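Participant: Structure below; questions to follow.
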Amino acid sequence: MYTTKSLLSTLIPIMIPLSLGSVSSPNLLPTPPMGFNNWARFMCDLNETLFLETASAMISTGLLEAGYNRLNLDDCWMAYDRAADSSLQWNTTKFPHGIPWLAYRLKTQGFHLGIYQDAGNLTCGGYPGSFGYEALDAQTFAAWGIDYLKLDGCNVFPEHSRTLEEEYKARYAHWHNVLRQMHPPLIFSESAPAYFADPANLTSWYEVMDWVPAFGELARHSTDILVYVGEGSAWDSIMVNYHYNTLLARYQRPGYFNDPDFLIPDHPGLTLEEKRSQFALWASFSAPLIVSAYIPGLSGEELAILRNEELITVDQDVLGLQATLASRGEEVDVLTRSLAHGDQLLTVLNRGDGVPVVRVPVEWMGLQRGCAYVVKNLWDGEVQVLEEEIVIRLNSHATQVYRIALPEECSTVIPTGIVFNTASGNCLTDENGERVGFEACRGSETQVWQVSELGHLHPLSRTSHCLTAGSQASVQLCTGQKNQQWTYEITGNLKNEHTKMCLTEGTGISQCGFERDSQVFGLPSGVDIKSS
């Protein structure tokens, strides 16, 4: 979007679904949640003592004051059987004083207690699921003092000749309807998309992602982050979930947030630089900051990461935009987004093992040359004045984040970044002449595009030209004709206003299909989105 200081103006008319979140309003969860969950660190080894010790440590270390005010129980908190009246029961060995007592105790300390259930007949751990008991379970949780529900999706099987996706939609829609009738409703975290995140074919995943923002406030969209005792690379696990999150920016808005899973700052497989990177990336995404770690044992360096006030402010920014890819090379990602009050965010990630020197021109940030931009490093607080480019030296797996203040005379931001196919990862590329195609992303300005307020896409390599629809997609001198105007839809389609056909990797342009992998694209942050 174009931003002039704090004023956000419309590019392409935006159509918002009538129902935003569980209560048709973003006010239930206007910014992403912050807190603690036991799963990635302790899995089923949760109990009353753990949560009391965690709360005490969060108070003494300043995490509560920093905003981490939610403590969420995950799977295995229940008894294996429901009570005689069919209500859920807690495990009395793990929680001798009971869940209501724990919720009240935590509330007096300034925390909110959240809980876990499953849309199937059993939870992932084999405990009683919610299927057939949704209203009763919701009432039970509310009576216990719970205000946040994470609903998993294990053991869901199609009923009434529905497809699996239709079954998930029916069950999560039912939960949405149950919750919206409560006063107040519970915050609703949906895990349904995680059961459809198949990189071989993303169509079903996107079909689920199309409806989850209308039902809840956040969604666990893909694979679980590596648990503390898990095998494999914790950094690779973070990068997998980071990658999935980059595909979903179009869905996020205030009141609904994409959830790439827990922060794992005490994982033994991570370097300090990697721990910093996960936090910086999640904050740049305005993702939930839910820590799964042994809080009393966190080091001073780990706590300093989690308490970084500047990055928390970015995460909690009221615009709720997700940082998107301005550029992608073999090892380096450059992400940008607009912030409230007219500032711009720049995040630069080194995915590789080398130590590159990265040059980021102001145009990649959606800005213009010849202005004096005040740039603040959000890790060390260093301030510099930027006019043409910023030069960054990045350690292996490091992430630098900068907040950029725009002077009044240079306060216009043009949405700028790569246009990439979310299935292949390839970038729309200006091939000179009239040709346009898709190639591996290589950090070139021929793959960086500006999106104008009229829906014109200009390659940064020649901004007088526009992406043009004809018998093929091409790059032509801009004329203002409708065959150069494009609309970005919530489905990820980039539809031409003249031909009503969609940009397509492989053929250039073709009839629009339903969530076809070849027609789903990521665009820069700030481009308004047309809802179907």
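Along the chain as shown, residues are numbered 1 onward.
Keep in mind that glycine also has a Cβ here, set from the backbone N, Cα and C atoms.
Below are the features listed in Swiss-Prot for this protein:
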- Asp152: active site, nucleophile (ACT_SITE)
- Asp210: active site, proton donor (ACT_SITE)
- 410-531: domain 'Ricin B-type lectin' (DOMAIN)
- Asn47: N-linked glycosylation site (CARBOHYD)
- Asn91: N-linked glycosylation site (CARBOHYD)
- Asn121: N-linked glycosylation site (CARBOHYD)
- Asn201: N-linked glycosylation site (CARBOHYD)
Participant: Select the closest residue to the residue listed as 'active site, proton donor' from the following recorded positions, measuring between CA atoms: Asn47, Asn91, Asn121, Asp152.
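Facilitator: Checked the recorded positions Asn47, Asn91, Asn121, Asp152; minimum Cα distance to the residue listed as 'active site, proton donor' goes to Asp152.
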Participant: Least buried of the glycosylation sites Asn47, Asn91, Asn121, Asn201, going by other Cβ atoms within 10 Å?
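Facilitator: Output over glycosylation sites Asn47, Asn91, Asn121, Asn201: least Cβ neighbours within 10 Å is Asn201.
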Participant: Give the sequence-ordered list of residues that share a chain with the residue listed as 'active site, nucleophile', lie 6 or more positions from it, and have CB atoms under 8 Å from its CB.
Facilitator: Asp75, Tyr116, Gln117, Asp118, Ala119, Gly120, Thr123, Cys124, Ser191
Participant: Taking Cα atoms as reference points, which of the glycosylation sites Asn47, Asn91, Asn121 is nearest to Asn201 (N-linked glycosylation site)?
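Facilitator: The smallest Cα gap between Asn201 (N-linked glycosylation site) and any of the glycosylation sites is with Asn121.
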Participant: Starting from the Cβ of Asp210 (active site, proton donor), draw a 10 Å sphere and report how many other Cβ atoms land inside it.
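Facilitator: Counting Cβ neighbours of Asp210 (active site, proton donor) within 10 Å gives 20.
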Participant: Can you give the mean pLDDT for the domain 'Ricin B-type lectin' (410-531), rounded to a whole number?
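Facilitator: Mean pLDDT for the domain 'Ricin B-type lectin' (410-531): 96.
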Participant: Between Asn121 (N-linked glycosylation site) and Asn91 (N-linked glycosylation site), what is the CA-CA distance rounded to a whole number of Å?
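Facilitator: Just about 18 Å between their Cα atoms.
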Participant: How many helix, strand and coil residues does the domain 'Ricin B-type lectin' (410-531) contain under DSSP?
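Facilitator: The domain 'Ricin B-type lectin' (410-531) comes out at 10 helix, 47 strand, 65 coil.
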Participant: In whole Å, note down how far the CA of Asn47 (N-linked glycosylation site) lies from the CA of Asn91 (N-linked glycosylation site).
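Facilitator: Asn47 (N-linked glycosylation site) has its Cα 9 Å from the Cα of Asn91 (N-linked glycosylation site).
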Participant: Could you check what DSSP calls Asp210 (active site, proton donor) once collapsed to helix, strand or coil?
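Facilitator: Asp210 (active site, proton donor) sits in coil per DSSP, no helix or strand.
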